[in-house]
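J.: Just passing along the structure, written as structure tokens.
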């Protein structure tokens, strides 16, 4: 029973450590995904979930995501924005 609890705890920690938070970044266009503050939250949430994140919102006119997989390209700052 203790082993099962330890394994579960480790898996939760690994998932937390490997999850990234940041702005969705298009490597090809070299820009972050553009949105309209507040009204763009639904689109950002949809795009973030499509990329494997837990949720997304519009922040500083760019889509910010929480819980993205480690392989998803992100930017820590909004920077130059582009349309999807």
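Every residue, even glycine, has its Cβ placed from backbone N, Cα and C.
Pasting the relevant annotations from Swiss-Prot:
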SIGNAL    1-19  signal peptide
DOMAIN    20-83  domain 'LCN-type CS-alpha/beta'
DISULFID  31-82  disulfide bond
DISULFID  35-58  disulfide bond
DISULFID  44-63  disulfide bond
DISULFID  48-65  disulfide bond
J.: Within the domain 'LCN-type CS-alpha/beta' (20-83), how many residues are helix, strand or coil going by DSSP?
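T.: Summed by class, the stretch gives 10 helix, 27 strand, 27 coil.
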J.: Fill in the CA-CA distance, residue 48 (disulfide bond) to residue 31 (disulfide bond), as an integer in Å.
T.: 16
J.: Can you tell me how many other Cβ atoms are located within 10 Å of the Cβ belonging to residue 31 (disulfide bond)?
T.: 19
J.: Check the disulfide-bonded residues 58, 63, 82 for other C-beta atoms within 10 angstroms of each C-beta and report the one with the most.
T.: 63
J.: What are the non-local neighbours of residue 65 (disulfide bond), defined as same-chain residues 6+ apart in sequence with CB under 8 A from its CB?
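T.: Listed in sequence order: 21, 22, 23, 24, 44, 47, 48, 51, 53, 55, 56, 72, 74.
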